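Participant: Mind looking over this structure? Questions follow.
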């Protein structure tokens, strides 16, 4: 697999969004509208298990599998929250943290692990990989720093959003509208880089 870093970008009309996470699908579909790309779901495609040790590896695994299975360009995201006091955990394991099944349970577990820590600095990281059926890859990364709250705030977003207060914001990511979130979020930054690279 190669990473496409420069030169003219390819013309894309249809792209597969390689995720089963409905929250991510909503964010990506709306953000890609300026490109005029027709976004398609996975259909019957089964994504491989995330076995990579980095966000880049996990996103590439999913994007490449979807591109090869469909014959279309595929866009995948891998993201996570890294908490300084926990040595960067849960990181790439954010979606599988504690082997529990729901966002609420993962949030409760993270808060429990933070109970004795006063340093609540954290950051969200997102890596988008756009894979083509011929194996070429494009990577885009975004990060946002902030603080882990002592309890959830807001019911918007998904994942760890209700626990995360971005630096300079009075709203948690769980209290923001989708538009507010995309303007500052890790995924919003990665998407902005993709849009710029493709001329939007």
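Placement of Cβ uses the backbone N, Cα and C atoms for every residue, glycine included.
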Participant: Taking Swiss-Prot at its word that 19, 20, 21, 22, 23, 24, 158, 159, 160, 161, 181, 186, 187 bind substrate, choose the one of 79, 102 listed for that site.
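Facilitator: Between 79, 102, Swiss-Prot records just one in the substrate site with 19, 20, 21, 22, 23, 24, 158, 159, 160, 161, 181, 186, 187, namely 79.
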Participant: Tell me whether residue 186 (substrate binding site) sits in a helix, a strand or coil according to DSSP.
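Facilitator: Going by the DSSP assignment, residue 186 (substrate binding site) falls within a helical segment, counted as helix.
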Participant: The record names 19, 20, 21, 22, 23, 24, 79, 158, 159, 160, 161, 181, 186, 187 as the residues that bind substrate; what is their largest Cα to Cα distance in Å?
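Facilitator: That value is 20 Å for the farthest Cα pair.
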Participant: Between residue 21 (substrate binding site) and residue 78 (active site, proton acceptor), find the distance joining the two CA atoms and give it rounded to the nearest Å.
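Facilitator: Distance between the two Cα atoms comes out at 11 Å.
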